């Protein structure tokens, strides 16, 4: 089994998933995500080719609540601009699928990947198909009376991208990290902290999607306090109380802030306790950069470029945590490191 070509392919696929996350963020922030009102997996590959085609697409958009509420009277040129943003988003998604599927078939036929790896990557393929449906499911939520996509569906869309990224990148790390003859000695607490951090990062990414979907980044644009308060007064005005966790903009932002500080604290502790393990510094640097990006995004009222960088870097932070766990599994003999199967 030749690992290098497979590893390069997995790395490319992982990068393309991150690219898709960035393009998706730009599409959302540009308010272009609802400009294409139909989902045509095959025939939708081509954009409108004639003036008549463009007119038909614009007429479909004019029937949507978003047009009537937010973009009433936009010109054809303005419509083309938002349409092409969403079109590129969908086109790159299709391209990502091809970049994964075609080499995958080739590597299987040439027997360059083991049966275990084939199964794992086939699972990634299934999640990719599910992701396509989830994307349209999300868009549909904004084509109803309220021209705003569901933040729950937005979180699902992002979470599925994270699962695909995890499956691809972890397999890439597995190929790249070579076990050393002298095994590392790590405590059970190290594994516990590493796993906890990974889980918290996933939860944090979900709440990041909630912040984005609820426009919660447009309130309390101060740091470290929330308009002069450690705990704002309007955290629990929704009933029942538990609903505030998911639908109260102030509460969602508060949780997102708190999780960021908790993750930073745990990563610092992990770094101090494992100063001799180099990958832990990648994770520390990643979490610091991510928090800085988040604070700048908040203080500057969500500038598009910084907000996209913040969204993209959440995957890099997740990847650094995943890499650390994979490194531990490869470089230690402790049975507790079998959190991820080889």
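Glycine residues also receive a Cβ, built from the backbone N, Cα and C atoms like all the rest.
Given the ranges 117-137, 222-242, the record in Swiss-Prot names 117-137 as transmembrane segment. As annotated in Swiss-Prot, transmembrane segment covers the listed stretch 196-216 rather than the other ranges in 175-195, 196-216. The transmembrane segment (6-26) shares the most Cβ pairs under 8 Å with 154-174, out of the stretches 117-137, 154-174, 309-329. Ranked by Cβ pairs under 8 Å to the transmembrane segment (196-216), the stretches 117-137, 154-174, 252-272, 288-308 are led by 252-272. When the stretches 88-108, 117-137, 154-174, 252-272 are ranked by Cβ pairs under 8 Å to the transmembrane segment (309-329), first place goes to 154-174.
Within its own chain, the transmembrane segment (88-108) is flanked in space by residues 5-6, 9, 12-13, 16-17, 19-20, 23-24, 27, 32-33, 36, 41, 44-45, 118, 121, 124-125, 128, 132, 135, which lie at least six positions past its ends and keep a Cβ under 8 Å from the stretch.
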